[in-house]
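Quick look at what TrEMBL lists:
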- 8-273: domain 'NADH:quinone oxidoreductase/Mrp antiporter transmembrane' (DOMAIN)
- 12-29: transmembrane segment (TRANSMEM)
- 41-61: transmembrane segment (TRANSMEM)
- 81-100: transmembrane segment (TRANSMEM)
- 138-156: transmembrane segment (TRANSMEM)
- 163-181: transmembrane segment (TRANSMEM)
- 187-204: transmembrane segment (TRANSMEM)
- 225-243: transmembrane segment (TRANSMEM)
- 263-283: transmembrane segment (TRANSMEM)
Amino acid sequence: GTTITISSNHWVMAWAGLEINTLAILPMISKSHHPRAIEAATKYFLTQATASALVLFSSMTNAWHTGQWDITQLTHPMSCLILTSAIAMKLGLVPFHFWFPEVLQGSPLTTGLLLSTMMKFPPMTLLFMTSPSLNSTLLVYMALLSAALGGWMGLNQTQIRKILAFSSISHLGWMAIIITYNPKLTLLNFYLYALMTTAVFLTLNSIKASKLSTLMTAWTKTPSLNAMLLLTLLSLAGLPPLTGFLPKWLIIQELTKQDMATAAVAISLLSLLSLFFYLRLAYCA
């Protein structure tokens, strides 16, 4: 599904790839047959089906007005607006974020890892391909709200998967704010985020930690692994000497070049909220 979406040039092929992806992950979410897992799978299916329908609708509107089914030829303003909303829903950007923490909480850690990284790659590719014609003002507002809400909602969480879900939402804010100005920076940010999140999820899976209380007692069993987890979490937070700071630094630099210093200052200050819960996680680890 991912390969079809990222290699297609036609909207219907991209849509088919997204649908295959959704159907492939559903059995993995509902594998445990726990009511929570079934609820997560249902929520995920309904959200993704709605978003896919909107993708198809926006491409049809565009084809109706321009006669083009090419992904890069998205020129009709209404289509651009609908597509931005559809992809925001697929990714879990604010205000379409409500499904993501719930779905991640109901899924096993390995499936949660796929949901946070692999499943975000196809919509991210579509954003990358249509970036010149997207509504930049809408994306900047969505990005700032995502950074704010991702940090704010993650503050009082004790479930690690929910904390990681809100962290994902605030990272998406950083990616969305720069997509129309420098799409390559968004991809760099996404790759580094995927790498660090993979490390965090796999570590948590190996020490079987799903709550902050279990993470506190885990360091006695695997001290070296926990030290690595601490560094990875601080890197995700974007603390300067670590890798996670690099994309944030480049994004702030690019925003300043684009005369958007206010947005750069706002998103930097909002990311301090998420820094707090990363530090708390690192402190527990």
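Using N, Cα and C of the backbone, Cβ positions are placed for all residues, glycine too.
Those TrEMBL annotations? Automatic predictions, nothing curated.
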How about the transmembrane segment (163-181) with the transmembrane segment (81-100) - do they touch, taking at least 3 C-beta pairs under 8 Å (6 or more apart in sequence) as contact?
yes
Other than its close neighbours in sequence, what residues sit by the transmembrane segment (138-156), given a CB gap under 8 Å and a spacing of at least six beyond its ends?
81, 84, 88, 93-95, 97, 101, 162-163, 166-177, 179-180, 260, 263, 266-267, 270-277
Of 12-29, 81-100, 263-283, whichever stretch has the most CB pairs under 8 A to the transmembrane segment (41-61):
81-100
Which sequence-distant residues neighbour the transmembrane segment (81-100)? Criterion: at least 6 residues beyond either end, Cβ under 8 Å.
18, 43-44, 47-48, 50-52, 54-55, 57-59, 61, 74, 115, 120, 123-124, 126-127, 130, 134-135, 138-139, 142-143, 145-146, 148-150, 165, 168-169, 172-173, 176
